[in-house]
Protein chains: 2
Amino acid sequence: MASLKRLLIGKPMETKRLKHEKLPKWKALAVFSSDALSSVAYATEEILLVLALLGTSVFFYSLPIAVAILVLLLLVTLSYRQIIYAFPSGGGAYVVARDHLGTKISLVAGAALMIDYILTVAVSISSGVAALTSAFPGLLPWKVELAVALVLLLMVLNLRGITESATVFAYPTYVFIGFVLVMIAVGGWQLWQEGWHGFTMHEHASTAHMFASGYSLFILLRAFSSGCSAMTGVEAISNGVPAFRPDSSKNAAITMGWMSALLGVMFLGITVLAAGFGVTPTEHQTVISQIGRHVFGNGLLFYLFQLATMVILVLAANTSFAGFPQLTSIMAKDGFLPRSLAARGDRLVFSNGIILLSVLAIALIIAFHAKTHSLIPLYAVGVFLSFTIGQSGLIKKLWNREEGRKFGVLLTVGTGAVVTGIVTLVTMIAKFTQGAWIVIVAIPLFVWMFIRIHEHYKKLGEQLRLDEREWQQREKLLKPKVIIPISGVSKVVAQSVQYARSISDDITALSIIFDEKAEQKLRQKWEKFYPDIPLEVIYSPYRTILSPLLEYITKAEKEADRAPVTVLLPQFIVKKWWHTFLHNQTAIILRFFLIMKKDVVIATLPYHLRE
Amino acid sequence: MASLKRLLIGKPMETKRLKHEKLPKWKALAVFSSDALSSVAYATEEILLVLALLGTSVFFYSLPIAVAILVLLLLVTLSYRQIIYAFPSGGGAYVVARDHLGTKISLVAGAALMIDYILTVAVSISSGVAALTSAFPGLLPWKVELAVALVLLLMVLNLRGITESATVFAYPTYVFIGFVLVMIAVGGWQLWQEGWHGFTMHEHASTAHMFASGYSLFILLRAFSSGCSAMTGVEAISNGVPAFRPDSSKNAAITMGWMSALLGVMFLGITVLAAGFGVTPTEHQTVISQIGRHVFGNGLLFYLFQLATMVILVLAANTSFAGFPQLTSIMAKDGFLPRSLAARGDRLVFSNGIILLSVLAIALIIAFHAKTHSLIPLYAVGVFLSFTIGQSGLIKKLWNREEGRKFGVLLTVGTGAVVTGIVTLVTMIAKFTQGAWIVIVAIPLFVWMFIRIHEHYKKLGEQLRLDEREWQQREKLLKPKVIIPISGVSKVVAQSVQYARSISDDITALSIIFDEKAEQKLRQKWEKFYPDIPLEVIYSPYRTILSPLLEYITKAEKEADRAPVTVLLPQFIVKKWWHTFLHNQTAIILRFFLIMKKDVVIATLPYHLRE
C-alpha cells in the first residue's frame, strides 16, 4: 500500500515549499479561462437540443438566444471587473459573502460553489469524452469508463500536486483558441461561398401560432438557460487575482476583458456556423465536431481539433481540482466542513478535498451515464446563484463605504446582480423538472449540514476548554484498578501481570469460562504462579466474553470509587499477514466495545510473535 | 447490526443444551441419504452429456455404464457396512486415517473431504436451481442469483442451528423417493405399451470403428466417471452411526443396505427410461424433468415433481452444512485449521465453519455460472479419494488386530479399496482437462496449508509456555515511562495527564508541530498548566506525525532501559455516528502502527463527548 502510494503520488514535500508563482497575463489567461472557453464545446449544442422540442424549424432562434447571452456576458464581465478591483486578494463568492453579507448567505454561496465545482468536473469530462467518441465512434460503449478513468487520472495528478500554473498547461488552451478561430474564419468564408444553407427564419403561420403559446416561450427560456452554460467559469479570474503580476488588479481586469471577448467571438461564431451549415445535434457526434468535420474535412486536422477540444475540457475539469479543495479548506477552517478537509497531504495539496471531489464527480458521471446533456440542467443554477451573491456582496461593501461611493460602479454591479438574479430564477423554473430540482433541494441540505457541523465543533470546543479552576479540582491521584482478562497462564499473561504491577497494586485477574469444569484446574495453576493476585472466574453459559466482562467492569467501577479502571489486553503481533487468521481477534472486538460503552482505560500490550 | 443478527440467527443458546437425539431407522434413512439419493437427479444426464461427444448414436451405452456403476455401488456398500461395524463412533475418512494411517494421509483425506463438502453444496444447489428452471424457464437468467440466495438461506438456517434430524426434513426425501419410484413404474408401463422408441444398440460399421479407437474408450471412461457422481454421499451413514438407536451399528448397516438398494433402483430406472424414451440433454431442461414431463404430462404432477427434486437437492446441500463444520472443527482442534473454526457460536453451531462453507460454495457457483455440468468434473475425485482412504484405514486396523482377522471382511474391504482407488485414478485422468486438475492441484495446496498452520501453532505454544524459572527472572518492577502526545492544552490532555500521574512519575508530553512558529505559544500555555511535566516539541517538515513519533519512541526506549514505554492516546467517543467524520482519526492510525512496530504499551483513554 505505502509503496503504491509513493509510486502514484510521489515523495512527501516539506511545508516550506509552499509558494505562489506570479503569472504574466498571457499565461494567466490560459490558466484561468480554460473552464470558461471550453464551454463553447457544448453550449451551442445545448441550445439546439432544447429547441429541438419545437422542431428544427425554430433552430434559427439559436442566434437571437446567443446574442442575448452575449449581452449577459458583457454585463457580468463589466461587473466582475469591479469585483477584481474591490477584492484584490481574490476569494470568490463564499469569502465575499462571508465578509459582507453574513454567514447564512455565505453558506448558500459555498453550497452553490461546491455543487458547481463538482458539476464542472462531471460536465467537462463527459463533454471531453464526447469529443473523443465523435472522432472514434468505436469508443462509444466505453463512455462512462473513459470518463471515470479521466477523473481518476486528474485525481492522481492533483494528489501529486501539479501546479495549475505550469507552462505546459497554457499551450493547449491557445491551441484550442487557435483551432476555433481558424474554424470560424474558414467556416465563415465557406458559408460566404456556399451561401446560407442551414436554418432560416420561417414565416409560416404555424410558427407564428407557436410563438403565441406560452409553452413555446417557456422552451425558448429553457434554451436560453442551457446556453448560459457558456458562461460557467468566467468568474475564475476574479478568484485568482493574487496570482497576477503587479499591478495585479489592473492586469486581471485586462485579462478578464480579453477572455470575455474571446469567449463571445467563439460562442457566437460557432452558433452562426451551426445555423448556417444546418447542423442538428445527434447522439453520436457533437455539434462542434460536425462543424469541424465540415470545415476541416475528415482528415488529420479534424482529429487534431477533436483532440484539442478534449484536452481543453480536461483542463477545464482540472480547474475544479484547484478550486474545490481551496474552497472546502477555507470552509473547514471556518468550521463548516470536517477539519480533515483543511489538512495538507504529503504533497502539500488538500488531498481529502481532491479525493472528495473525484468521488462525487464520478458518482454524478455514473448516475447520468456521462451524458453532458443530462448534467447541464443541474449546472447553471449554482453558477448564476454564486454570480448573484458575489455581486450583491460587492454592492454591500461599496454601500457601507462612507465616502467615494461611485454611482457608475454601483449601477454596473447592481444591474449585473439583478440580471444574474433573474437568470437564476429563470433557470430554476425552466429547468426544474429536467434536474434543476436536484440542486434546489441540495443547496438547503448542504447549508443545513454546514450548520450542524459548525454547531458540533462549537459545542465540542466549549466542552474541551480547560479553565484553571476546574483543572485544579481534577488533580486527585488514585492508583488505577487493573483488570487482566486471562484464559490460562502463559508468557503473555506473565507480561501483562508484570506491567500491571508496575502501574498499580490493585490487580485482579478475570477469567471467563465456557465449561464449568475448567475452573478448578485454572485456579490451581494460577495460585501456583500468582498467589498474591486474586482470580475471578465467571461462567458464561452463552459462550460470550463481552457481556460478563461489561457486567464485571460495571461492578468494579462502583467499587473503585473514583480510581480509574484499566483493562489490560494483549495483542499478538504476527510475523506473516496470514497468521492473523490463526489468532483469536477477541481482544480487538473487546477493545472496541469496552471503549464505546465504558469509561475505562484500555492498555494494549503488544506481544510480538517470533514465529 | 446486533438486532439484525438476533432477527436472523435468534437468541443465543446455553452450552448445556448441546445434546444428541437418537434416530429411528426410517428417519435416519431420510436424514443421511438425501445427498446420495438426490444424485440421481443429475447422474444420468452427466453420462449422456459426455457420450454426446461421440454423437447420440452411442447414447445406448449409458445402460452398460449404469450397470458398471451399480456393481461399484454394491462393492462400496459391502465395504462400508464393515466400516460401520469397525468404527461405531463414526468419524469419516479423516478420523479413520488419522487414527490408523498417520497424519499425512489423514490430511489428504481432510482436504478431499473439505473439497467434497463444498462441491456438494455447489453441485446440489446448482442442480436444484436447474430443476426449478426446467419447470419455469423464465427464471433461467437468474440462475446464479437464485443459487446464491439458496446458499445464503441455508447459511442463515444453519447459523440458527436447525437440527438436521428434525422430522420435517425427513418427509421431502420420501416424497422424492415416492415420485421417482412411481415415475419408474408408470414410465416402465408406458415404455411397454409404446415400445422402446429411444436409443438402441447400433451395429453400424462406423460405430464398430469408433470403438476401436482409443479416443472413444477414453470418452466411455469419462462418461463412467461422470456417472460415478451418483455415488456421492453414500458414506454419510457411516459417519453418523452414533445417531442411530441401539444396536446402532446393526441399524446403520441395515439402513445403508436400504439406501443403496433404493439408489440403485432409482438410478438404473431413470437411465433405462432416458434411453427408452430417447431423451437427449438440453441446455434448458434437465433429463430427469424431461422424463417427468413424459410420464406425468405437463400438469400439476410435473410441477410437484420438479419441486420435490429441488427440495431434496437443497436438503442434500444442507447435509454439507452439518458435515463441513464438524470436520473443520475436528481439524481445528487438531491444530490444522484456524482455531476459530472450533468455536461454537451463539446457537451452539460452529458458525465460522458454516460461513466459510457458504462463502466457498458461492464462489464456486459464481465461477462456474451455477452449471452442474461444469462442476461435476471437480466432484468425483475427492469423493473416491476419501472412499479409498477410508477403506484403507479399515484394512490397516483389521490387519493390526492380533486375533480374529476375518478373511472375508478383509477381501471385501480390500476389493472395495482397490476398485475405488482405480476409479479415483480413472477419474483424475479422464476428467483432468475438464476441471479435475483443479482438485489435483488444490489437495496438495490444502495439505501444505494444514501443515503450515500446524507448525505455527506448535511453535507458538512453545513460545508462550511459562516455565517457573523464567517466570521468576521476569519479576523486576520498573515504573513505565509515559509519553503523552498532545496538540494543545484541553480537558482531554488534562484527563491524560491525570491518568499518567496515577501510574508513573516519569511523564513526558510530546507535541509534533507542522509550523515552527507554533512552538512558543504552546510552551507558554503548557508551562502555565503543567510546569512539572517536560514538553518535547518536534517540528515535522513533512506534516507526518507517525515517523517523528516512532523516532522519539526509539530514543525513549533506549533511555528507559528496561522500563516499559507507555503511550497514552485519547479516543473521542461520539454520540452520533456521523460525528466520526468530524474528528481526526489519527489516534487510531497511530495506535495501529505503534503496536505493529514497537514494543510499547498503548493506553487508550476514552473521552465520551456529551455532544
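A Cβ is built for glycine as well, from the same backbone N, Cα and C atoms used for every other residue.
Feature list (source: TrEMBL):
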TRANSMEM  A:59-80  transmembrane segment
TRANSMEM  A:107-133  transmembrane segment
TRANSMEM  A:139-159  transmembrane segment
TRANSMEM  A:171-192  transmembrane segment
TRANSMEM  A:212-237  transmembrane segment
TRANSMEM  A:258-280  transmembrane segment
TRANSMEM  A:300-327  transmembrane segment
TRANSMEM  A:348-370  transmembrane segment
TRANSMEM  A:376-395  transmembrane segment
TRANSMEM  A:407-429  transmembrane segment
TRANSMEM  A:435-451  transmembrane segment
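The transmembrane segment (A:59-80) makes contact with the transmembrane segment (A:407-429), as judged by at least three Cβ pairs under 8 Å among residues 6 or more apart in sequence.
Contact check: the transmembrane segment (A:212-237) against the transmembrane segment (A:376-395) gives at least three Cβ pairs closer than 8 Å, residues 6 or more apart, which meets the contact criterion. Here the transmembrane segment (A:300-327) lies next to the transmembrane segment (A:171-192) in space: the count of CB pairs under 8 Å, restricted to residues six or more apart, reaches at least 3. Take the transmembrane segment (A:139-159) and the stretches A:107-133, A:171-192, A:258-280, A:348-370, A:376-395: counting Cβ pairs under 8 Å, A:348-370 has the most.
The largest share of C-beta pairs under 8 angstroms with the transmembrane segment (A:348-370) comes from A:107-133, of the ranges A:107-133, A:171-192, A:258-280, A:376-395, A:435-451. Contact between the transmembrane segment (A:376-395) and the transmembrane segment (A:107-133) is supported by 3 or more Cβ pairs under 8 Å, counting only residues 6 or more apart in sequence. For the transmembrane segment (A:171-192), the most Cβ-contacting stretch among A:107-133, A:258-280, A:435-451 is A:258-280 (pairs under 8 Å). Packing against the transmembrane segment (A:435-451) from elsewhere in the chain are residues 104, 107-108, 110-112, 114-115, 331, 336-337, 374-375, 377-378, 380-382, 385, 427-428: each is 6 or more residues past its ends and has a CB under 8 Å from a CB in it.
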